Every structure is written in C-alpha cells, then in structure tokens.
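Okay, so here's the structure we're looking at.
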Amino acid sequence: MTELRQRVAHEPDAPPEDKESESEAKLDGETASDSESRAEPAPPPASVDDTPEVLNRALSNLSSRWKNWWVRGILTLAMIAFFFIIIYLGPMVLMIIVMCVQIKCFHEIITIGYNVYHSYDLPWFRTLSWYFLLCVNYFFYGETVTDYFFTLVQREEPLRILSKYHRFISFTLYLTGFCMFVLSLVKKHYRLQFYMFGWTHVTLLIVVTQSHLVIHNLFEGMIWFIVPISCVICNDIMAYMFGFFFGRTPLIKLSPKKTWEGFIGGFFATVVFGLLLSYVMSGYRCFVCPVEYNNDTNSFTVDCEPSDLFRLQEYNIPGVIQSVIGWKTVRMYPFQIHSVALSTFASLIGPFGGFFASGFKRAFKIKDFANTIPGHGGIMDRFDCQYLMATFVNVYIASFIRGPNPSKLIQQFLTLRPDQQLHIFNTLRSHLVDKGMLTAATEDE
C-alpha cells in the first residue's frame, strides 16, 4: 500500500509532450475553441428537393431515376434556350452575364465556408470576403478595359486618369482590406480567421481569375467563347445520356455515377459536335471578329475582314482514309482543326474540373453547391468544368493563335508625344528601306 502511494505521488500529472503542446498553443494565442476547430467541422444542412411543384405532379408516377432524368432534361433545354438568347443580345450582355455568374459562384462557395464555421461568429468575415471580390474585379476589369478599349479610355479624361494609376489604386484597395483583416483578428479565433482568409483567396483564384479569362476569350471573337462553352455542355449532356442508357463500368470513386461508357461516348459525340458547330459559325463575321470600339460611331462593333483561320481551304485526305470514304480532298475552315483540340480538352480534361468539385463537396458532406437549379444544383455545379476550359482556351489562343495586333499598336502610337512619334517613324522608315520594301527615292520625298 505504501509503495502504491509513493508511485502515485511520483507520477506526473500529464505527459511532457502534452504540456509542451499546451504551452506552445498558449504562445500562439490558441485557446480551447481553436483546439476544437481542428476537429472536423459540422456539415452544412442537407439540400432539399426544390423541384417545381408542377413537375413533381406531372412526373409523380415515374421512378426516381426517370423522374430525375426528365427534370434534368427539361431544365437543360431551358438553360440552352437562355444561352441562345444572351448570345443574340451580343458580347456586352454576355460580359454582364459572365460577371453575374461569377458573383453567384463566389457566393455559393463563400456560403459553404460560412455555414461550416457559422457557430464561431467570425468578425467581418462576410464583409471582407465581398470587399476582396470587389477589389479583384476592379483590377481585372480595369485591365481589360484599358487593354481592349484603349482609344475610348484616352478620350475620356476621368478614364484616362483611372487607367494611368489603375494598378496603384487596385493595390491600395487590396491593402486596405488586408489591414482590415489584421485589425479584425480576435485572440480566440486566430486559426479560423486565417482558414477563412485562405478560403476567400482560393475562391477568388478559382472563380474570379478564370471568369476574367472567359471575358478575354469573348473579346477575341464570340466563336472563342461559344464553341468551348458549347463543347463542355455537349460533353456533359452526351456523357450523361451514354452513361444513363449504357453505363456499366464506374469511372472514378469521387463521382460514382460517372461511367467509362459515358466518358468515351461523350468524347466522340463532342468532337463531332465541335466540328459541325465550328463549320457553321466560321462563316459569320459577327462570330469570328473581335470586339472593338469604333471612334466614328462611338459604339462597340464586331466587324472585320475574317482572317485566314476563318476562310475555307482545301485539304488532302490521307490515303488510308481515302480508301474508306472515297474522297481525295475536303474543304473546311482551319478553325475546325483547332476545334478538335478544344473539344478533346472539353471531353478528356474538362471533366476533371467536375471531379475536383465532387471531391470538394464530399469533403464537406454536401450534395450540391446550392439549390439554384432543380435537378442540377447550384450555378457552380454547372460551371465547374467551364472555368478550367476557359483557362485552357486563353492559353491556347496566346500560344497558337494570337499575334501582334496592328490596331492596338497604332492606338498606342497616337498617344505618344510628337517627338516620340517622329523617332518611331524614322526608325520604321529606315527598317523598310533596308528590307527593300521602300525605295530610297521615296524616303527622300
């Protein structure tokens, strides 16, 4: 008994490692609430069935599988009709729609973070999130306006001043938000506040940055906007159709309903669809010409002389294929060749944007980002692949398509001082004489 009392008296109250970790936590300003935050957060409320009552009544006799098929199909057709309407309204309306979609996607992701940690009542979290969204949009849209509508900016004095100091103003706005975040730090919430600071910035990177690239693609010509988006939509629909009717083999654990049959069927259907859509659109100037500002009419125009990319050319067919189809040559637009690359990416790599979103939703035990569209989930559920596609298209244009833009060079040239313009003129004239494109006699005149 005496030995037992002596042993208990000499036993430490807690292991040394625990005491060290506790002291480190106190030095870091971490409290019990922070320690609890390391545990897995409670999932947001489960989504509810928000299918319109009229559809529920009309499809009440069907099984849940076929009911979901009809709901998705009807609303998909409605969304495609809406897509045609906004295309008809022109590039400026499309740009506004892209911005609205971006804001809604940002709201859905930020709301998930807020629902996960709402019980901690983080100071200024929502206010700062929307403030950073405003700052980033101001920066990106300002850069776009200055780049694509340089003449308009230089004509208006307020715009010219804003353009000149645009990056400094953008940095100042962001710095203000950064300081506000630091001032909002509360001792018992340090860890969670930095979690949500990172959450907001990753959301800005995924949503705002890539939606900005969508607008860049749009200004290159509506065909660079419509064809990639349509290929993703086609792949989504055809993969669902092939998977629904023929799917047997699971594709990936993150999305158990995805099948190899749907993945492969969607690929071939999308490539064919991309070739056909590109052929139709390449013949219309309103689709292939970039968006530019016209000084004479003081309006935005989509009119130009189509480049070689959008002019029919004759191509020789390889001998192996000739023996099958019996054709020696085929007339097609060069853009159709590029459309194969776009549709291939939309079919093989684009779905990984959806898989990424599925992994994100599984991490927080939610079915959809929101319940905005019955049968489809939130807006982000429909655009998870589109953002990845937009980045690829922008990189593709910069790498294989875009060259120096003469109109932009002339616009910048006209804003220089007279002595700078004269220097460039003399340098260019000497260069043309050396190349033999301008005679010395013409130079003397």
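Positions of Cβ are set from backbone N, Cα and C atoms, glycine also.
Residues or ranges marked as region 'Disordered' by TrEMBL: 1-52. For 1-39, the entry in TrEMBL reads compositional bias 'Basic and acidic residues'. Under the heading transmembrane segment, TrEMBL lists 69-89, 95-117, 124-141, 168-186, 193-215, 221-247, 259-281, 337-357.
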Intrachain neighbours beyond the transmembrane segment (95-117), with Cβ under 8 angstroms and 6 or more residues off its ends: 37, 41-45, 86, 125-126, 129, 133, 137, 192, 195-196, 199-200, 203-204, 206-208, 211, 214-215, 218, 364, 366, 369-370, 372, 378-380, 383
Cβ pairs under 8 Å between the transmembrane segment (193-215) and the transmembrane segment (69-89), at least three: no
Cβ contacts under 8 Å made by the transmembrane segment (168-186) with residues that lie 6+ beyond its boundaries: 123-124, 128, 131-132, 134-136, 138-139, 142, 162, 193, 197
